[in-house]
Amino acid sequence: MQYAQILGTGSYLPARRMSNDDISKIVDTSDEWITERTGIKARHIAAPGEQTSDLALQAARAALADARVRAEDIDLIIVATATPDMTFPATACIVQNKLGISGCPAFDVQAVCAGFMYAIVTANAYIRSGMATKALVIGAEVFSRLLDWNDRRTCVLFGDGAGAVVLGAASSPGIMHAKLKADGAYSHILNTPGKVAGGGVDASPFLYMDGPAVYKFAVKALAKVGAEVLLEAGLTAADINWVVPHQANYRIIESTVRHLGISLDKVILTVADHGNTSAASIPLALDVGIKSGRIRRGDTLLLEGIGGGFAWGAVLLRY
Ligand code: ACO
C-alpha cells in the first residue's frame, strides 16, 4: 500500500502585525500579563475584506512551489477552518477556483484548532487507499473576526494566518501513525454558539472560553494522545527530532512535552509571533521549522493539536 509523504510546505501571514502593546490600547491588559500567561507577544490580523480563502491561497501557492507540483496535478483539496468565507460553499471549493483548477474533490474539515490534524489524517487515508495521489491540505483562519474586542480574556489570544502542505503518494512513509479523538461533552468550555438562521445570527457570534478548564483538558489530552501514538508506532520520546504542536499557549506546550519526556529545545515554537491561529497554527509552525533549516529531510516529527469540540489528535511522520 502506498504512503503519504510531505512534498512541500507553505504559509502566509496577513501584513498587519498587532503587538501586545497595541492590544493594551484597546482593552485593559498589558504585555507583561499576556507574555507571562501565554507566551504571546504579537499576532497578525487580516485586512478588512481579506478572506480565509485569500490566506489559504497564498499558503497553497507557496506549498505548491516548494513541492514543485502544478496546481493542475492536485487531485484532492482539504481546508481545515472554523472561519469559512461563507456558510456554504466550502472554502476549499473557493480556493480550488482561485487556483484556477476544477474537478478534484474539495471540502472543508471543521475541528477548530484540531482541524489540521483531522485534515491531514483524512488526506493520508485518501492517499493510502489510492483515492488521491497529490493532496493539498490547508489550515486557514481569520479568528480575529470571532473575537469580542472588548473581552480581554479572549481577544489577546488569537491571530489570523494560513499554512499548507502538499502530500504525495510514496512507497515509504511519510505519515507513520496517527490518532484522532473527540469528546462532545466538553463543547461548553470553548465555543462560538451563534449560527446563521432566520435572516440573522441566533446566538452570540463571539468566541467563548473557560480558560482554566481548557488549559487543564488540553494538557491532559495532548500528553495522553502523544504517548499513545508513540507507543502504538513502537517509538519512544528519544526518536522524535521535532514536536510541532498547536500554538495556543506556551504553558500548554511546555507542560505537554514535559509529560512526554521531550525537551523544549525539540519543539517548534511560533506562538510568540503568531498567537493562536487555530487550524492554521500547526502547518504554519511546520513551514517555519522547515524554512528555518531546523527540520530536515528524514527527521521524525510529532504533530499535535487540540481545540473546541473537544477534538484533538496526533500525527507521527518522517519528513
Ligand atoms: N489581561 C489582564 N488581565 C486579564 C486578562 C488580560 N488579557 N485576561 C484575564 N485577566 C484577569 C481575569 O479577569 C482575572 O482577574 P480577576 O481574578 O480579578 O477576576 C485574572 O486575570 C485571572 O484570570 P484567569 O482566567 O483565571 O487567568 P488564567 O491564569 O487562567 O489565565 C488563560 C488565562 C491565559 C486564558 C489561561 O487560562 C489559559 O492559558 N487557558 C488555556 C486557554 C487557551 O490557550 N485557549 C486557546 C484556545 S483553545 C485551544 O486552542 C486549545
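Note: Cβ is positioned from N, Cα and C throughout, glycine not excepted.
When the ranges 22-26, 32-36, 102-106, 247-251 are checked against TrEMBL, the one recorded as region 'ACP-binding' is 247-251. Panel annotation: around the region 'ACP-binding' (247-251), residues 37-40, 113, 157, 215, 218, 269-272, 274-277, 281-282, 284-285, 306-307 of the same chain, lying at least six beyond its termini, place a Cβ under 8 Å from a Cβ of the stretch. Listed in sequence order, Ile40, Cys113, Phe143, Leu157, Phe158, Gly159, His246, Gln247, Ala248, Asn249 are the same-chain residues six or more apart from Asn276 (active site) with CB atoms under 8 A from its CB. Of all Cβ atoms in the shown protein chains, 33 besides its own fall within 10 Å of the Cβ of Cys113 (active site).
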